[in-house]
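According to Swiss-Prot, the feature ATP binding site maps to Ser27, Gly28, Gly29, Ser30, Asp31, Ser32.
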Amino acid sequence: MLYEKFEYNINNLIGNFGLSKMSIAVSGGSDSVALLYLANIWAEKNNIELFVISVDHNLREQSKQETHYIQNISNSLNRKHYSLSFDHQNNFSNLQERAREGRYDLMTNLCLELDILVLLTAHHEDDYVENFCLRLERNSGIFGLSSSNINWYNNIHIIRPLYNIPKSELVEYLVSHNIKWFEDESNSSDKYRRNVIRQKLAKGADYIRHFSKPVYREEFKGDTERSTAAYTSVGEEALLRGPVKLTVSSRGLTTVKTIKSTNNFSIFNWIPWSSHGMTEVKLIHATMPREDASTGTASKLSLEAKCGKMSKAAIISQQLKTNKRIENEFKPELISAIAEAVKIFEYGFAFLDLVKFDKFSNEVKVQIINFLLIIISGQSRAARFYSVEPILKLITQDVNFKNTLHGCIIKRIQNELLIYREFGKKLPESKILLDKSVIWDNRFCITKNQETPNCFVTHLSLKDYKIIKKQLDLEPLKNLSCKNHNAVLLTLPIIKILEKVIAIPHISYYDNDMWNFEVSFSPNFVSRFTHFC
């Protein structure tokens, strides 16, 4: 029975989360409508309040009909419905990616407003198969080819309980219960490669891979074959048997110890730094059987995949093997690499220990660089491999350098890599402090502890810096950043009233004793492998 399979999935994915409410993304298509009815049954059984969210992308005439239909279903199920609207601003370049990002921004921001931690989405087995094929054609490494049923976006837990259920079962469920849904006409267009793959697999035909030029060059190959190393800093036993806790101060990572697991999923949970004192980082990973962890066989694509012809069953099998190797080998290595080689500071910059970094596999090296670029830049998408590859090559040359990438300055200083924010031509938007707290530049959370009229958060301009520089104590920042304090200072949030700088909380600068602000480094991080919030 479909519901029993769904119930088993969602119970395993959520675990003992202690939820009283959750949200669900519903578009009007067969997948999400089926998910809505299944989730409604489960929510009733578990006494959970379910909030239904629809996003109108304003691209199709029938989209408003779909939203109205979902609202009617929600009302009939006695569930609250929220209709959101994506503004494409008549910009149709890279529209699919922008629409997806905009959709998740809208939905997760609403979840934060409603104090909801979990968002259900209707990604099903066929979606995972299509994604695998598309990533294979893009020459993705093993991390790119893997899939996850649990993701994080904007610190919201994205759960996909239909991951092992084919679309045909969802359609059959709707038909048998006389439930209507909408078909998106664009899904039948040959314009998109995904649709071509979908149509072939739906007819039971084999997937024929489109080969593109190799992304991995001879100088730097991903998915290297190697035996599993002992992770000395954290300890292999700790990584394989359970999660670890990292204690953090303003000087970076200091201690590591094993803690008890809370769920069956992997997260890198960063409780943001306060501008005063110390806090913790919880580094958690799911434990899985160690069989095959040291053989490396799971990472090898099947002969069918290499030849470019696979059945749907073969694709699913290859996906499972890939996922297993990620869980057994690469994810523990990634966790170990972050614990050993990375230091992230409350000022929004990071150092990477290149001596320790060098011992990890190339696939993990790419993930670490992207991990840092996303955190420091505040962006929600990772850099492409072809952009990261030159940095990795420079690192191997053992010479100091300074480059820009993905909204960051990357600077080698002897055996360390310093990464800090670069504004470039696109300066961060100023934010008015109307509420008690505000997120600025997708990185910092600023909280006011008193009523402050007409103040706003922005960055420090050179003009303002010249006016107040003699009043600033930059010695701590200077020491921590290896004398890059001036560059880092210009990336920090400041509070102004009209044209006057009244506070720079990071360096404890206040022009008046009455002001009191707190700041924490809390970027909107997106990952299938690690997370912090």
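Each Cβ is built from the backbone N, Cα and C atoms, and glycine gets one as well.
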Binding-site residues compared (Gly28, Gly29) - highest count of Cβ atoms within 10 Å: Gly28
ATP site, defined by Ser27, Gly28, Gly29, Ser30, Asp31, Ser32: further same-chain residues with Cβ within 8 Å of the Cβ centre: Val26, Val33, Ala34, Leu35, Ala122, Trp181, Phe182
Per-residue Cβ crowding (10 Å cut-off), top of binding-site residues Ser27, Ser30, Ser32: Ser32
